[in-house]
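Novice: Checked TrEMBL, it gives:
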DOMAIN    B:5-343  domain 'Aminotransferase class V'
BINDING   B:Arg42  L-glutamate binding site
BINDING   B:Ala76, B:Ser77, B:Trp100, B:Thr148, B:Asp167, B:Gln190, B:Asn232, B:Thr233  pyridoxal 5'-phosphate binding site
MOD_RES   B:Lys191  N6-(pyridoxal phosphate)lysine
Protein chains: 2
Amino acid sequence: MSNVHNFSAGPCILPQEVFEKSAQAILNFNDIGLSILEISHRSKDFVAVMDEARAIVKRLMKLGDDYEVLYLGGGASLQFLMVPFNLLKTKAAYLDTGTWAAGAIKEAKMVGEIDIIASSKADNYAYIPKDYEVRSEYDYFHCTSNNTIYGTQMKSFPKVDTLMVCDMSSDIFSRDIDFSQFDLIYAGAQKNMGPAGVTLVVVKKSILGKTDRVIPSYLNYQQHIDKESMLNTPPVFPVYASLLTLQHLEKNGGIAAAEQRNISKAHLLYDEIDRNPNFETFCRAEDRSLMNISFKLTDESKKDAFDAAWKAAGISGLNGHRSLGGYRASMYNAMPIESVQVLVDVMSSLK
Amino acid sequence: MSNVHNFSAGPCILPQEVFEKSAQAILNFNDIGLSILEISHRSKDFVAVMDEARAIVKRLMKLGDDYEVLYLGGGASLQFLMVPFNLLKTKAAYLDTGTWAAGAIKEAKMVGEIDIIASSKADNYAYIPKDYEVRSEYDYFHCTSNNTIYGTQMKSFPKVDTLMVCDMSSDIFSRDIDFSQFDLIYAGAQKNMGPAGVTLVVVKKSILGKTDRVIPSYLNYQQHIDKESMLNTPPVFPVYASLLTLQHLEKNGGIAAAEQRNISKAHLLYDEIDRNPNFETFCRAEDRSLMNISFKLTDESKKDAFDAAWKAAGISGLNGHRSLGGYRASMYNAMPIESVQVLVDVMSSLK
């Protein structure tokens with residue numbers, strides 16, 4: 001597999017060790033003579049997986065017992081709905097930084113009243129709005145830490161007078177931030193922490209149970225917490241592969257070391273874009289993402305030559321999102337800097 | 001793995017071919033040099049998987065273009081909520097045949113008005129109620145085709161004057177019935193059709209869009225249909241492993257052949273229970289399930305000897321559900337009759 005450089009925006013590259021160990025677990029899990037695909041989720045072998053998968057998140061994020069960790073189905077899209085169902089009483093504040101933030105806003109509006117307190121939509125989401133204030137009248141503030149399509153990322157988070165909820169689907173575990181500033185974090189696993197099919201939720205227990213709303217069981221965080229993330233049959237294999245991914249991260253220096261690698265990879269590519277007159281990014285320099293670098297040709301007539309060159313180099317998944325066009329290099333935790341160098345070499349060779 | 005006889009109630013045994021092919025796809029999917037865990041769900045290789053996974057269900061069920069097939073996250077438990085969200089206008093009728101039926105009833109009550117038109121709860125769900133009528137005043141009738149815990153199964157389905165919705169999680173694809181009598185079928189994959197982490201929904205298109213309710217996006221069947229089951233990132237690997245499972249079924253004679261094998265396996269074990277004074281079932285004979293045989297010792301003092309014997313024979317997953325006790329032999333499609341014979345031999349040897 002070493003000849004393919006996978007820049008896919010997600011599902012995306014994972015550590016080779018995760019592929020090898022999860023393939024082995026499908027043939028014979030824990031040497032018990034059964035496949036991970038056929039064991040009961042109530043078996044001691046899988047309960048141990050779920051327990052450790054929940055515990056490792058708190059270790060990596062340096063969070064205490066006031067937080068709970070859940071692995072749920074339905075994707076981050078279902079969290080767009082579960083967050084307001086569980087937290088919205090009167091009114092919530094949303095920051096509109098792109099397609100996924102807009103998706104979260106759309107679902108929340110079906111549950112109750114929300115204010116979009118800042119938006120960069122009029123500039124096609126080319127920057128992260130910073131000039132806003134979140135007052136205590138809001139039940140919570142919702143933001144999206146990284147915007148895969150536009151290649152923007154929140155470099156810091158506001159001080160707010162209410163709860164802070166963050167969709168970290170596309171940059172979770174990529175940088176060393178103070179996770180305790182958030183009251184609820186959610187993330188589809190399929191970028192930095194595993195394969196598609198499971199969604200991480202990290203929630204501060206004390207914020208739950210404050211609305212009078214009747215919350216259906218699957219949408220109710222407290223019910224999932226009460227059942228230790230096994231309210232119903234969990235997505236067993238995606239949880240296991242996520243645990244393998246996080247164990248690989250922990251063994252390799254944790255989040256701080258991953259951040260250093262991510263900075264090196266991003267600088268390598270941004271330096272080439274800034275140096276090379278053939279390329280430019282879509283977004284403002286100060287909001288550039290370390291995860292997804294969206295860029296375009298300055299001269300569209302070179303498209304055929306560039307496309308042929310990166311494909312010949314074994315690069316995969318570089319096309320930009322259909323809504324924006326151009327190119328997108330997604331460089332999640334598992335992306336080796338050698339693959340970024342291959343892309344930079346192709347770019348620098350373009351006449 | 002041939003030395004373990006896996007009678008787990010689900011997640012459960014799957015064909016060995018599914019384990020081998022899915023492990024290979026994790027190392028190198030379709031020989032493209034990438035893992036099934038790292039490819040985009042929008043890649044042509046995965047779109048082909050989803051298209052075929054949807055098509056094979058209609059072939060196996062002999063359903064036409066008036067039905068749509070979806071693969072969703074969240075488990076059958078989320079369907080307990082999605083069904084009333086999409087179909088309940090005034091009042092729905094539910095048949096209460098066990099724990100999962102009761103779960104569906106609980107969620108539906110949070111959405112609107114429902115009537116439990118028949119229940120065997122007072123007899124600890126030892127039979128399937130048959131003496132009821134479903135009139136046209138109901139928006140739909142909901143039933144559970146097989147009850148894993150109590151070992152009961154609906155042998156036929158009522159003629160109803162409204163829509164019929166069925167939770168087939170534990171016996172889907174196990175017997176040759178007329179699937180067109182149902183307007184909506186749902187099933188968690190983790191019994192007869194794949195690993196945990198994905199739920200099948202088969203829905204007749206014409207029944208949707210009839211309520212005035214605002215339906216959040218992820219809960220809205222029509223939105224999933226409009227996006228060909230990719231409204232958001234689907235559970236890629238569970239969908240792929242489900243396709244492999246259904247391909248294995250199709251290659252081996254389809255549902256009709258599976259039913260014959262399931263009848264043979266069930267008769268082998270029921271005959272032993274009926275012959276052997278040491279054992280008895282929990283439920284009435286006429287409602288006995290072909291999938292899950294729940295039974296108990298007539299003399300509890302033989303428990304230690306029996307437990308030691310089946311464990312020594314390599315049998316796994318035979319303990320009954322915690323709510324009922326005793327034993328439960330789950331014999332889904334992939335269970336070989338040789339494993340049932342091992343259990344019967346152990347039972348017949350008990351003094």
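Note that Cβ sites are derived from N, Cα and C of the backbone, with glycine treated the same way.
Remember, predicted model here, so these are calculated numbers, not experimental data.
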Novice: Cα-Cα, whole number of Å: B:Asn232 (pyridoxal 5'-phosphate binding site) versus B:Arg42 (L-glutamate binding site)?
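Specialist: The Cα atom of B:Asn232 (pyridoxal 5'-phosphate binding site) is 10 Å away from the Cα atom of B:Arg42 (L-glutamate binding site).
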Novice: Out of B:Ser77, B:Thr148, B:Asp167, B:Gln190, B:Asn232, B:Thr233, which binding-site residues come under 8 Å of chain A, measuring Cβ to Cβ?
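Specialist: Going by the Cβ criterion (under 8 Å to chain A), the qualifying binding-site residues are B:Ser77, B:Gln190, B:Asn232, B:Thr233.
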Novice: Taking Cα-Cα distance, which of the recorded positions B:Ala76, B:Ser77, B:Trp100, B:Gln190, B:Lys191 are within 10 Å of B:Arg42 (L-glutamate binding site)?
Specialist: none
Novice: So of B:Arg42, B:Ala76, B:Thr148, B:Gln190, B:Asn232, which of the binding-site residues has the fewest other Cβ atoms within 10 Å around its own Cβ?
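Specialist: Relative to the other binding-site residues in B:Arg42, B:Ala76, B:Thr148, B:Gln190, B:Asn232, B:Arg42 has the fewest Cβ atoms within 10 Å.
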Novice: Per DSSP, B:Gln190 (pyridoxal 5'-phosphate binding site) is which: helix, strand or coil?
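Specialist: Assignment for B:Gln190 (pyridoxal 5'-phosphate binding site) reads coil.
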Novice: Assuming the binding residues for pyridoxal 5'-phosphate are exactly those in the record, B:Ala76, B:Ser77, B:Trp100, B:Thr148, B:Asp167, B:Gln190, B:Asn232, B:Thr233, what is the maximum CA-CA distance in angstrom, rounded?
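Specialist: Site span for pyridoxal 5'-phosphate, by Cα atoms: 31 Å.
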Novice: Using DSSP and collapsing to three states, where does B:Asp167 (pyridoxal 5'-phosphate binding site) fall: helix, strand or coil?
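Specialist: Where B:Asp167 (pyridoxal 5'-phosphate binding site) sits, the three-state DSSP reduction gives strand.
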Novice: Counting other Cβ atoms within 10 Å of each residue's Cβ, which of the binding-site residues B:Ser77, B:Thr233 comes out lowest?
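Specialist: Lowest Cβ count within 10 Å among the binding-site residues (B:Ser77, B:Thr233) is B:Ser77.
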Novice: If I take the alpha carbons of B:Trp100 (pyridoxal 5'-phosphate binding site) and B:Lys191 (N6-(pyridoxal phosphate)lysine), what is the distance between them in whole Å?
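Specialist: So the alpha carbons of B:Trp100 (pyridoxal 5'-phosphate binding site) and B:Lys191 (N6-(pyridoxal phosphate)lysine) sit roughly 15 Å from each other.
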